[in-house]
Structures are given as C-alpha cells and as structure tokens.
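K.L.:
Have a look at this one.
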Amino acid sequence: MDNYEEAIEHYKEALRLYQKTSDDQRQGKAHLLIGNAHNLQGKYEEAIGHYKEALRLYQRTSDDQGQGKAHLFIGNAHYQQGKYEEAIGHYKEALRLYQKTSDDQGQGEAHLLIGNTHDQQGKYEEARGHYKEALRLYQKTSDDQGQGKAHVLIGHKHDQQGKYEEAIGHYKEALRLYQKTSDDQGQGKAHLLIGNTHNQQGKYEEAIGHYKEALRLYQKTSDDQGQGKAHLLIGNTHYQQGKYEEAIGHYKEALRLYQKTSDDQGQGEAHLLIGNTHYQQGKYEEAIGHYKEALRLYQKTSDDQGQGKAHLLIGNTHYQQGKYEEARGHYKEALRLYQKTSDDQGQGKAHLLIGNTHDQQGKYEEARGHYKEALRLYQKTSDDQGQGKAHLLIGNTHNQQGKYEEAIGHYKEALRLYQKTSDDQGQGEAHLLIGNTHYQQGKYEEAIGHYKEALRLYQKTSDDQGQGEAHLLIGITHYLQGKYEEAIGHFKEALRLYQKTSDDQGQGGAHLLIGNTHYQQGKYEEAIGHSKEALRLYQKTSDDQGHGEAHLLIGITHYLQGKYEEAIGHFKEALRLYQKTSDDQGQGGGAHLLIGNTHYQQVIIIGLKFSAFEIAGKFFTSTLKVISGNNNFSYVISLL
C-alpha cells in the first residue's frame, strides 16, 4: 500500500467515527482530507466527490468558512484537469462567501487562485489584476506572508511576459518581506525564483548564485525537500549551459535526498531530468532507462499525471531515434491517462506530439487532424498560449506541403494570440517561422525582416539564447545569398552570445556554421580550425550527434584537399558515433555515402555521381539541425 492509500484508510476510519457521533464539522474535514489525497494521486473525480460531500455538510450547518474552503478545493481539482471556467466559478463562489463574512484572508486566497487560473489561460492582465487585489487585502491586514506570496505571483506574471526586470523587482520585495519575518523557507523560494529569472535571461552564473543561496537556507533548516529542489535547478542551469556531467551530478544529489525522505514524486522528477540529460547527449537507451524508472515510481503512487509525462518523454526518445510507431504508442498511452483524469491540457500536448510523428512520416493530413484537436482543446480551456502553439504546428504542415500562404496565415494567427497575451517569446518564435516561410519562397529580404523583428523581441527580454538563434538564421539567409562575410558576422555574434551564457552546444553549432562558410570560400584551414573547436566542445558535453557532424565537416574539407585517407578516418569516426546513437539518417544519408564516395574518388577522378560540393550541401542542412534542441529550430533548418 502506498502512502496515499494508507492516509486515505486512516481518514476513512476517522470519517466512520465522526459519522457515528453525527459530527458534521469533522465529517466535512475528513472528506476534504480524503479528497486532497485523491487529488495528489491525480484522481480528480474521486477528489471532487469528497469535496462536494464536505460542501453539503457545511451547507447543512450554515458554515460559510467551510463552504468557502470546499469551493476552493473543488476549483483546484477542476484547475488540475484544465477545466478553467469551472474552476473560476468555484473560486468566485468562495470569494462571495468570504466577502459575506468579511474574511480578508480568505478573499486574498480566492483572488490568488482566480489569478492563477487566468494565468493558465494566458490572460495575464486579468491574472495580475487579481494578484494585486490579493496584495491590497494582505497589506490591509499587515499579512507579510500573504504579501510575499502575492509579490511572487505578480513577479511570475511579468516573468512569463518576458518582463524580467519587473519580475525580479517583485521577487526581491517578496524576499524582503520573508527576511522581515525570518522565514527561511520563503527566502529560499524567493531566491529560487530570482535564479529562474536570471536563467531565462541566459545569466546562468547569477542564477546559480541564487540557487546556492536557497540551498544554504534549506540546509540551515534541514529541509531535504528544498535542498532537492535547489539541486534540480542548479542542475538545470548546468544543463542549459551544455555542462551535462555537472547537471547529472546535481540531479543525482537531488535523487539521493528524495530517496532519503522516501519521496517517490521527487525521485520521479529527478529520474526524468537525468533521462533528459542523457537524451541531449544522444544516449537514448540510458535516457529511456531513467524515464522507465520514473514511470515505475509514478505507477507506484498511482500518479496518472506523472505517468503521462514519463510516457511522453519515452515517446520523445523513440521519436528522436526515428522510431515513430513506438513513439506514437507512448504518446497514445499518455493521451489515455490524460483522458482518464479529464486533463484537457495534457490531452492537447499529447495530440500535438502524436501529430508530430505523423508529420515526420509525411502524413500531413493526419498530423493536421491531431493539431486541430489540440487547438479545439486549448480553445475549450481558453488557453491562448496552447492555441498559439497549435497554430504554429498547423502552419508547419502547410509549409511542408508547399502551401506557404496557408502556413503564413496560421503563423500570423499565432502571432496575434501571442501579442494578445504580451508574450514576447511567442511573438519571436512566430516571426522566425514567418521568416522561414518567406525564406522558402526565396523572399530573403522579407525573411530577414522577420528574423530581425524576432531579434528585437529577444533583445527586449534579454534572451541571449533567442538572440543567438535569430542571428544564426539571419546568417544562414545571407549565406544562401552568397554574402559570406555578412553571414560570418552574424554567426560570430551568435557565438559571442553563446559564450556569454556558457552554452557549449550553441557555441559548437556556431563554430560549425562559421567553418562551413569558410569551406564555401575555399578557406579550408580556417574551416578545419572551427570544425575542430566544435569537435572539442561536443566532446566536452558528450554530444555524440554534434561530435559526428564535426567529424563529417572535417572529413569533407580533407576530401576537397585531396587528403582522402584523413577524410575516410573522420567519416568512419562520424559513422561510429551515429551508430552509437542509433541515428540511421547520419549512417545512411551521410557517413556511409561519404566513405563510399571517397573510395570512389581515389579510383575515378571524373564523373562522380555525387560531387563533394553536393554532399557538402546536404551536410550543411544536417549540421544546422544539431545547433539547438529547440524543435522549432530543427524544423526551420530542415527547410534548407
């Protein structure tokens, strides 16, 4: 029996005793506790059943406070299912009851929860309005804790809109309030959030500084849970920098702490993150091993949400290996779990991923069907962010079919939704895709215009990663125009940004592009120099995929210099790495072809079916795909 089931058994025994004495108040409390346990298991309908029974008992005794609490819990369960309008209805009923009893604390809590729900719908201004009303109520009662919580949530809204400095201002005010009350837990949370914002800005060292301060506070209070969370976030920052071994070290320390406290949920999260890191290193089997261990832990606790997430990640790994049928099987299992818990958000995500597998197989109509189903679910929950994502993917399928105007129509609809929610990040992504479509049409100047608008938005939010991506795309467009010096200028600016954020993956990709451009200029030694620097960076991060791409470019350059033995050596090393990562594309489309072509060149100099330059062109496309883990960017580059 897991911890939740054991707790439920005791709550039910208490309920039986309270029923025996006809104690409605305590029966109501027992029902709320049973409901909470079911809620944590992801069994939302069972939870709602108990919350409603508590509500009935509190109504029977005219207990407005109890009724308010029951409405909040029912709202929370609907919120977890992505049923935002139902959630808001219950939160507002709780608000009405708390206003009736002049309970400022209860009103503040209700406003926070209404705000959270609007936030999930992408209605940031409405959310912020409720958070500010909660702040006013907490200030009225001199509740420093409540004020701190409100500042945290207002800051989070600014964070989501890319208004990082405003976010940090609110987090620091929360920190001040928590310091005033000597609340080490609250201070730890504030430091984590400040760190998260710096992380979003690509200021990784500042982020780590705040995470370590949070870790110190949690160690001071012997809070193993908090320490685990801090280690996860420090690990995430190293992960962002491409420092995968350091990341794994922190994830494993978090895992140890969660094992110490028998926290199956925390252990599951740690396993997922370790798996993600192996995934980025191209170690797909190790990744799947950790995802399956997370799945086992979530099954142990009957956590349908966690199981769904694990299935999605296992599916993603199969997807990356080109095993689309296996991937789709896991996505469908995740969909089943999300349907079981009536989680519209989770269902939407699963449909998007199922659509992606069909897209990769060239089944654009099937893909679009799933994207449209996701769109319907996001419209049902008034989720503007999700709708934007669905429109981007529908646009991508039209793009793949050469229906450029239809694609642009969907990208512009996504842009409108992101503008509505003041989401600068989403707007940047939409501009990149509109730019890519113009690029496909050979409208290079229009493409550059949208890439530059994306760059402006990323500069506005101090997003160094986004700026780097925009510079790469501007550079690629100049490359295709034969403007090699302009291209190199943008690639070098991207390199500078990736160096600033200590992003080894990004730096490796930028070096490959600079090297490839020098290659096109016939500057073979410069090309090899940058390729070797990329090789060094990919070896540092244990990225077999990038490592293979670097060997290919070095090999191609030696090939053009007539150094066939050196070329074959690098092609074979690339082949070994692709076989290691089960990358059939790299093995079949790249390395084997190049090895064969080089042997052929050594025998027959004239009349090659595939010239080195043709192969290099194919290589350029492949190279770009490993620059970023961003799905959008990989799609963009495939257009080349």
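Yeah, the Cβs are placed from backbone N, Cα and C, and that goes for glycine too.
According to TrEMBL, the record shows the following:
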type	residues	note
REPEAT	28-61	repeat 'TPR'
REPEAT	68-101	repeat 'TPR'
REPEAT	108-141	repeat 'TPR'
REPEAT	148-181	repeat 'TPR'
REPEAT	188-221	repeat 'TPR'
REPEAT	228-261	repeat 'TPR'
REPEAT	268-301	repeat 'TPR'
REPEAT	308-341	repeat 'TPR'
REPEAT	388-421	repeat 'TPR'
REPEAT	428-461	repeat 'TPR'
REPEAT	508-541	repeat 'TPR'
REPEAT	548-581	repeat 'TPR'
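Give me the lay of the land around each of these features.
P.N.:
Residues in the repeat 'TPR' (28-61) partition by DSSP class (helix H, G, I; strand E, B; coil) as 30 helix, 0 strand, 4 coil.
Look at the repeat 'TPR' (68-101): DSSP puts its residues at 30 helix, 0 strand, 4 coil.
For the repeat 'TPR' (108-141), the DSSP counts in helix, strand and coil order read 30 helix, 0 strand, 4 coil.
Sequence-distant contacts of the repeat 'TPR' (148-181) (same chain, at least 6 residues past either end, Cβ-Cβ under 8 Å): 108, 112, 115-116, 119, 124, 127-128, 131-132, 134-135, 138, 187, 189-191, 193-194, 196-198, 200-201, 421-425, 457, 460-463.
Remote same-chain residues near the repeat 'TPR' (188-221) are listed as 148, 152, 155-156, 159, 162, 164, 167-168, 171-172, 174-175, 178, 227, 229-231, 233-234, 236-237, 240-241, 461-465, 497, 500-503 (criterion: CB distance under 8 Å, separation of at least six residues from the stretch ends).
Across the repeat 'TPR' (228-261), the DSSP tally of helix, strand and coil residues reads 30 helix, 0 strand, 4 coil.
Across the repeat 'TPR' (268-301), DSSP classifies residues as 30 helix, 0 strand, 4 coil.
Mean pLDDT for the repeat 'TPR' (308-341) in the predicted structure: 96.
Counting same-chain residues at least six beyond the ends of the repeat 'TPR' (388-421), those with a Cβ under 8 angstroms from any Cβ of the stretch are 122-124, 161, 348, 352, 355-356, 359, 362, 364, 367-368, 371-372, 374-375, 378, 427, 429-431, 433-434, 436-437, 440-441, 632, 635, 639.
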K.L.:
Just to be sure I understand, if DSSP states are collapsed into helix, strand and coil, how many residues of the repeat 'TPR' (548-581) fall in each?
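P.N.:
Final tally across the stretch: 30 helix, 0 strand, 4 coil.
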K.L.:
Residue list, the repeat 'TPR' (108-141) vs rest of chain: Cβ under 8 Å, 6 or more residues beyond ends.
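P.N.:
Hits for the repeat 'TPR' (108-141): 68, 72, 75-76, 79, 82, 84, 87-88, 91-92, 94-95, 98, 147, 149-151, 153-154, 156-157, 160-161, 345, 381-386, 417, 420-423.
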K.L.:
State the non-local partners of the repeat 'TPR' (228-261) in its own chain: residues 6+ outside its ends, Cβ under 8 Å from one of its Cβ atoms.
P.N.:
188, 192, 195-196, 199, 204, 207-208, 211-212, 214-215, 218, 267, 269-271, 273-274, 276-278, 280-281, 501-508, 537, 540-543
K.L.:
What same-chain residues lie close to the repeat 'TPR' (28-61): Cβ under 8 Å, and 6 or more beyond its ends?
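P.N.:
Counting only partners 6 or more residues beyond its ends, the repeat 'TPR' (28-61) has Cβ contacts under 8 Å with 4, 7-8, 11-12, 14-15, 18, 67, 69-71, 73-74, 76-78, 80-81, 301-306, 341-342.
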K.L.:
Counting only residues 6 or more past its boundaries, what in the same chain has a CB within less than 8 Å of a CB in the repeat 'TPR' (268-301)?
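P.N.:
Residues packing against the repeat 'TPR' (268-301) from afar: 2-4, 41, 228, 232, 235-236, 239, 244, 247-248, 251-252, 254-255, 258, 307, 309-311, 313-314, 316-318, 320-321, 505, 541-545, 580-583, 629.
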